[in-house]
Amino acid sequence: MKLAVYGKGGIGKSTTSCNISVALSKRGKKVLQIGCDPKHDSTFTLTGFLIPTIIDTLQSKDYHYEDVWPEDVIYKGYGGVDCVEAGGPPAGAGCGGYVVGETVKLLKELNAFDEYDIILFDVLGDVVCGGFAAPLNYADYCLIITDNGFDALFAANRIAASVREKARTHSLRLAGLVGNRTDKRDLIDKYIDCVPMPVLEVLPLIEDIRVSRVKGKTLFEMAEIDKDLAYVCDYYLNIADQLITRPEGVVPKESPDRELFSLLSDFYLNPKSKVGQEKVDQEELDLMIV
């Protein structure tokens, strides 16, 4: 199974991806995580350092693909998860999306794709141009990371549009949303009422998740020392369990931009209607109690 993880930049895709990869590994799956971002920090919490990228390796080999071996580009991370970083061109030069395509090409030539139960692509921000949408060409499922905010859900809607477009010619489905760093899900629920799709999990705002990124460790590794963190790992295990069952998924029908903008902004601009509804609900509850 191949899984492409997308979401607004800075939403926590890489941290979430690494923990999902470990969760899948703990369920007995052989996992490869491919970082598709020029920052090449997708697998940092799995390996504890910034591993050399595909581009770094090709440069050292003078771009002789035939001289590249799997061990040159695949690094072992925590929990037995194998890691690859695509890398990218120098800032302001070249096309990062092209590098993603070349990474997939190289791994296929190395027959690396055939050795894993699950391949997870952790993809740059919410950029879904042709190059960075390339992982969707190979993926069985797309997973969108979001929070309960306007910008992240607006980005999720654009990604949903890309999934729908790719699903015309590829066997691709949207597995669903994962809410991250949010204690509420009211805006998420408002969005999925408009654009129906599953919500696999909603993780609350947990400081240890942010700290794990700084430490270069997954929550599972931190939980080996601090048993109180086991409950956080359960969120990721729940996501893994749902993915392993190969859910039916959906081909989403995204909301037009202006309609979605109006829908989500109204949630912020008209809080009185929300408060009023809560008051009505409470009055109805009081009558029921009487």
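Backbone N, Cα and C atoms are what each Cβ position is placed from, and that goes for glycine too.
Some features that Swiss-Prot has for this protein:
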type    : residues                                      : note
BINDING : G10, I11, G12, K13, S14, T15, K39, N180, R181 : ATP binding site
BINDING : S14                                           : Mg(2+) binding site
BINDING : C95, C129                                     : [4Fe-4S] cluster binding site
Requested in this report: Mind checking which of K39, R181 has the fewest other CB atoms within 10 A of its CB? They're the binding-site residues.
Outcome: K39
Query raised in the report: Cα distance, C95 ([4Fe-4S] cluster binding site) to R181 (ATP binding site), nearest Å?
Result: 31
Query raised in the report: Measuring Cα to Cα, how many angstrom lie between K39 (ATP binding site) and C95 ([4Fe-4S] cluster binding site)?
Result: 13
Query raised in the report: If you count the other Cβ atoms within 10 Å of each Cβ, which of the binding-site residues G10, G12 comes out on top?
Result: G12
Requested in this report: Specify the secondary structure state of R181 (ATP binding site) as given by DSSP, simplified to three classes.
Outcome: coil
Requested in this report: Using a 10 Å cut-off, grab the number of neighbouring Cβ atoms around the Cβ of C95 ([4Fe-4S] cluster binding site), all chains included.
Outcome: 14
Report summary line: Within the same chain, the residues at least 6 apart in sequence whose Cβ is under 8 angstroms from that of S14 (ATP binding site) are G35, D37, D41, S42, T43, F44, T45, D122, R213
